[in-house]
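**Q** TrEMBL feature annotations, pasted as is:
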type: ACT_SITE; residues: Asp226; note: active site
type: ACT_SITE; residues: Cys229; note: active site, nucleophile
type: ACT_SITE; residues: His439; note: active site
type: SITE; residues: Glu414; note: site 'Linear diubiquitin binding'
Amino acid sequence: MDESFSSPVLPVEKGWGKVKLEMEICLSSGSKDQRQLTGDTINSQDNLQGWITEPTSLSAGAGEKKESVPTQLMKHENEVGVASEELGSANAAADHKEQPASEIRQDCVYRSSGRPERTDKIKSLVMDQDAYSNSELYVPVSSSAVESSEESEEDMYRDEEEIEREKILLCETNSSEYKVSVSPEMDIMEYCRKEWRGNTPAAKRMRKGYEAVAQKFASIRRIRGDNYCAFRATLFQALSQATQLPRWLQSEDITMLPENLLSKYDWIKQWQLRQKPGKRMGEISDEIKDYLILLRKKWKNISEINGPLEKQEACDKLFKNEEEEYSLYEALKFLMLNTAIELYNADKSGRRVPVFSWLLFARDTSSNPRQLMHNHLNHIGHSGGLEQVEMFLLAYALQYTIQVYRLYKYSTDEFITLYPNDPEEDWPVVTLITEDDRHYNIPVRMCQETML
């Protein structure tokens, strides 16, 4: 039986249009602090966006206040179907012009725990795409500035041949076979000093944020910044601290998900895999099943390792196997689809659902699970990453609390964000770090005082 959802699947138009940004960058000697510009851009973006927040239920540790999680709702004036990367995902442009916000709902919503809460204002922003349709994004840099920067970064005592050999080596290591998914750990403050050496407000704010994180974690591991970045950081942290197989993975029904869902929803045949974007679900349901079996196998094997060093080595080995790594991400995406269908059906039948579920399906591009798959899940890993509201969905699919240090929000109530706000008490917690809500790294080696 095909239980198709009523809303049609709408075409996805790629690209919001590019924002023309003219700036001159004077590269100072030995400095790589161009990313300071990003921090300021993010701040301007925050002032343009409408947010909904709900109170945090977990207590704040060491005097730090857990954030009320902001979830962004955006409506487009001229189109309904918008790709995931166009709705504030890891690859979305930072600057959008705000139109007057209209209040679309004022209601009493219930959390999954059954406790009522009041969402006073849920606003959507109308983004004007036409204003930017003919503009470009470019950063002019004078050739003299580039040359002076390159010269300053090269050791004056090295000969030309040595410098050329190094450049060739760098080019070779940029190939896919040399890309590292999870880099080795390094001191967190050393990493901060290397990345943020300027004196701009953004750089100072980032350093303060890293100093706060360093009170609890000694080291950081950089995560490869592709469109699977949020998946990679979350799954690596979950596996590296796993001590048992989650209940939802213990069930044999987990491997029957593709077959069961396909028997109910014929539109799932249009599911797209990263490795085989041209194939349909009817042809690859067995592959999805294999990915789910692989996820359970790897999780079980790693959770049974007692020694912390051995467990870490097993995780490192897994995330160096590109084929297995991306297979696990496809399994996570399918679990997110299954969770979305369950929440959607629960809401339609009058049962209580978490607030983020209403927000997820309030978007014009994901008013039901079918649109969510077409306009968002099918694009994750290909042309977009996870949006804020989809971080909630990932957390619910894994039954993990995802705690994120949002460094650009330092000294605000949003510095530490929990996905979800009201997790179950027995859900494990994984911790991530982000400088811009686009790219995620992971803190490691919790400080001894914090552990005590």
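Note: Cβ is positioned from N, Cα and C throughout, glycine not excepted.
I'm curious about the neighbourhood of these features; can you describe it?
**A** For Asp226 (active site), the count of additional Cβ atoms within 10 Å of its Cβ stands at 15 [all protein chains shown]. The DSSP secondary structure for Asp226 (active site) is coil.
All chains included, 18 other C-beta atoms sit within 10 angstroms of the C-beta of His439 (active site).
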**Q** Validating a neighbour-count step here. Other CB atoms within 10 A of the CB of Glu414 (site 'Linear diubiquitin binding'): how many?
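**A** Neighbour count, Cβ to Cβ under the 10 Å cut-off: 20.
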**Q** To the nearest Å, how far is the Cα of Cys229 (active site, nucleophile) from the Cα of His439 (active site)?
**A** 6
**Q** Just to verify a number: CA distance, His439 (active site) to Asp226 (active site), in angstrom, no decimals.
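**A** The Cα atom of His439 (active site) is 8 Å away from the Cα atom of Asp226 (active site).
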**Q** To the nearest whole angstrom, what is the C-alpha distance linking Glu414 (site 'Linear diubiquitin binding') and Asp226 (active site)?
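**A** Between the Cα atoms of Glu414 (site 'Linear diubiquitin binding') and Asp226 (active site), the distance comes to 25 Å.
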